[in-house]
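**Q** Pulled from TrEMBL, these are the listed features:
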- 1-23: signal peptide (SIGNAL)
- 186-209: transmembrane segment (TRANSMEM)
- 251-279: transmembrane segment (TRANSMEM)
- 285-310: transmembrane segment (TRANSMEM)
- 317-339: transmembrane segment (TRANSMEM)
- 351-374: transmembrane segment (TRANSMEM)
- 404-430: transmembrane segment (TRANSMEM)
- 442-464: transmembrane segment (TRANSMEM)
- 476-501: transmembrane segment (TRANSMEM)
- 513-541: transmembrane segment (TRANSMEM)
Amino acid sequence: IIVIKKVILYLFMLTRWDPFTIPENVEEKKEDLGEVLNGDRLVVAPYKLEFLINKQPESICRKLLTRKEVAQFRHAVLKDYFYQMYYDDLPIWGFLGRFETDEKDDTNVATVYLFRNVHFEILYNNDRIIDVFIRNDPNVVVDLTEDREVKVDFTYSVKWTETDIPFEKRLEKYSQTSTLSHHLEIHWFSIINSCVTVLLLTGFLAMILMRVLKNDFVKFTPDEEALDDQEESGWKYIHGDVFRYPRYKSLFAAALGIGSQLFTLVIFIFMLALVGVFYPYNRGAFFTALIVIYALTSGIAGYSAASFYYTIDGKNWVKILVLTGSLFSGPLFLTFSFLNTVAVAYNSTAALPFGTIMVIFLIWTLVTSPLLVLGGIAGKNSRSEFQAPSKTNKYPREIPQLPWYRATLAQMAMAGFLPFSAIYVELYYIFASVWGHQIYTIYSILFIIFIILLIVTAFVNVALTYFQLAAEDHEWWWRSFLCGGSTGLFIYGYCMFFYHARSDMYGFMQTSFFFGYMACICYGFFLMLGTVGFRASLIFVRHIYRSVKCE
């Protein structure tokens, strides 16, 4: 059987084709939604790789490079530019050339060479292609050191080699970079570090809260004769104000709705990752899943926001739905509009075509918005009374003067540091995968880290809520949400560290894309973890006030 496969040339973030040779008829590959969102623009390359047919170097084009084109190639070689192709859905990488220099940090005196032959080595098993890679002969080059016109004859060659690797295991090598022994040691160190943090935090909080609450319960529930003489103090003293509804109820309910949706979205993404949907180089699968699941879970946002809003005596259900629909998607749309304009100005493939923008708009109009409204209507109709163990006084108590370390910003700093310390080791690999285009496949470890993050966030918020109530500060609703979400601010702070110390990104476009989209991601984490923090604090507050007799 003679199988002829097309070689797909992958152009990532390229602004132009030249100084490469441009074929007369460029055949473009049709990308799905996820590939377009990822910035992929695939075209069919002029290489003909026929099954089991070896080829000696064969010319595909001859070109006279101008001085400008020589300078462009020289710059690309010195900056380690590489190209990526696909053959039978297997990725192939190759460098444009090589350079030699005696000065380690000075490339101005380097001798620059351009590879002019692409040699394909293809492994096969029976009638299946197992692996493909490119080897460049360091001697088949063109010297581009000087600014002068150069004639180049671009060629390619092919060699087929049989292997015993089964077809089912041909993708394993692409995930081995994430599972190398030294990488695994770091991942497990991250998990152990996080688990130790959780155990210490759990033990510390359990010891303190059990001792303090035990003393509180003994003090607050003595015999009936002593009860009349016992003066209330601490968190029991504010039992008539602790369940007073927060200010800006509609905004608070909308934030909880979006946080619930994003939490559900992350859980579904992890489920797909753990069952192997996002295998290495399944191009566009992640972004496609992200768009589809976000659209389908918008009903959860509408239901959660509307039901909670009416539980705390909300009245305007249209307002809550508009807030819920725009609280996260609004900033995301503004950020996308700005960054897409930047990409268009730079003539980058990161700019989404008009057709793709219309597809996303139709998804938002025909799927996201209707589900949001249906969820809101269901939440409105399923409203119930707020489960408060104690009655709320008519007039709020005055909050006593508190020291600076009990202020909201100081509490947010303390609340965000511990969860961040549990995940910061793993953050490097995630950032390197997203922004450095490395492969990340250890989703099980990432899921464990995520569970640990949720546990630490919940415990820290419970502890800070207790200390806040013990100081007779009953405005804990917004505080618990802000403290839970503060981890997102720490992650954004890590973005700044990664950009300056761990990445080679530069220029306005790369900087704006990195900080713009990371701001949206960290904002999403802020809403999601804020919801987790508030829900944990609400369960705790209900429990302790249900456990004492509040007259």
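Each residue's number is its place along the chain shown, starting with 1.
Cβ atoms are placed via backbone N, Cα and C, with glycine included.
Not measured: the values here are computed from a predicted model.
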**Q** Please check if the transmembrane segment (513-541) comes into contact with the transmembrane segment (186-209), where contact means 3 or more CB pairs closer than 8 Å and the residues in each pair are separated by 6 or more positions.
**A** no
**Q** By Cβ distance under 8 Å, which residues at least 6 away from the ends of the transmembrane segment (251-279) in the same chain are close to it?
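**A** Contacts of the transmembrane segment (251-279) (Cβ under 8 Å, skipping residues fewer than 6 from its ends): 171, 285-286, 289-290, 293-294, 297-298, 300-306, 308-309, 312, 314, 320, 323-324, 327-328, 441, 443-444, 446-447, 450, 477-478, 481, 524, 527-532, 534.
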**Q** Which one of these stretches, 186-209, 317-339, 351-374, 442-464, 476-501, has the most C-beta pairs shorter than 8 Å to the transmembrane segment (404-430)?
**A** 476-501
**Q** Which sequence-distant residues neighbour the transmembrane segment (351-374)? Criterion: at least 6 residues beyond either end, Cβ under 8 Å.
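**A** Same-chain contacts beyond the flanks: 33, 36-37, 291, 294-296, 298-299, 301-302, 321, 324-325, 329, 340, 343-344.
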**Q** Report, as numbers and ranges, which residues of the same chain sit near the transmembrane segment (186-209): CB under 8 Å and 6 or more residues beyond its ends.
**A** 418, 421-423, 425-426, 429, 442, 445, 448-449, 452-453, 455-456, 459-460, 462-463, 466
**Q** Can you say which of 317-339, 442-464, 476-501 has the most Cβ pairs under 8 Å with the transmembrane segment (285-310)?
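**A** Stretch with maximum Cβ contacts: 317-339.
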**Q** Please indicate, using numbers and ranges, the residues of the same chain that are 6 or more beyond the transmembrane segment (476-501) and have a C-beta under 8 Å from a C-beta there.
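**A** For the transmembrane segment (476-501), the nonlocal Cβ contacts are 242, 245-248, 252, 255-256, 408, 411-417, 419-420, 424, 427-428, 431, 435, 453, 457, 460-461, 464-465, 468-469, 511, 514-515, 518-519, 521-534, 536-538, 541.
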